[in-house]
Amino acid sequence: MKRSGCWHQRMLLSLVLLTWTHVTFSALIRSHNFSRWPKPPCKMYYPIDPDYEANCPDVKAYVCATNGLTYKNECFFCIDRWEFGPHIQFVKYGKCE
């Protein structure tokens, strides 16, 4: 009886480890389609007072715009769009090439 219980435990452990390995490595290998992500919510970053100095977070989550610039994150992109006009459009998340 002990041998069959040990065999079942090994089989269960093997299945759990194989499943965990598959999930982990498939997430690493899978390409991320940034075009399917939603556009930045710029209204969230627009200052209420025009004299207000924007305080964007120091986070690297690059945004590429139609002006060819890569912004550090969506906050910097949205503030530039607010200051310089709607002709600056969102292209994709990630660096411009």
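Backbone N, Cα and C define each Cβ position, glycine as well.
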Please name the cysteine among Cys56, Cys64 that Swiss-Prot pairs with Cys75 through a disulfide bond.
Cys56
Per Swiss-Prot, cysteine bonded by disulfide to Cys96 (from Cys42, Cys64):
Cys64
Just checking the disulfide-bonded residues Cys56, Cys64, Cys75, Cys96: which sit within 10 A of Cys42 (disulfide bond), CA to CA?
Cys75
Can you tell me how many other Cβ atoms are located within 10 Å of the Cβ belonging to Cys75 (disulfide bond)?
20
On a simple 10 Å Cβ count over all chains shown, which one of the disulfide-bonded residues Cys42, Cys56, Cys64, Cys78, Cys96 is most densely packed?
Cys78
Could you count the residues of the domain 'Kazal-like' (36-97) that DSSP puts in helix, in strand and in coil?
15 helix, 9 strand, 38 coil
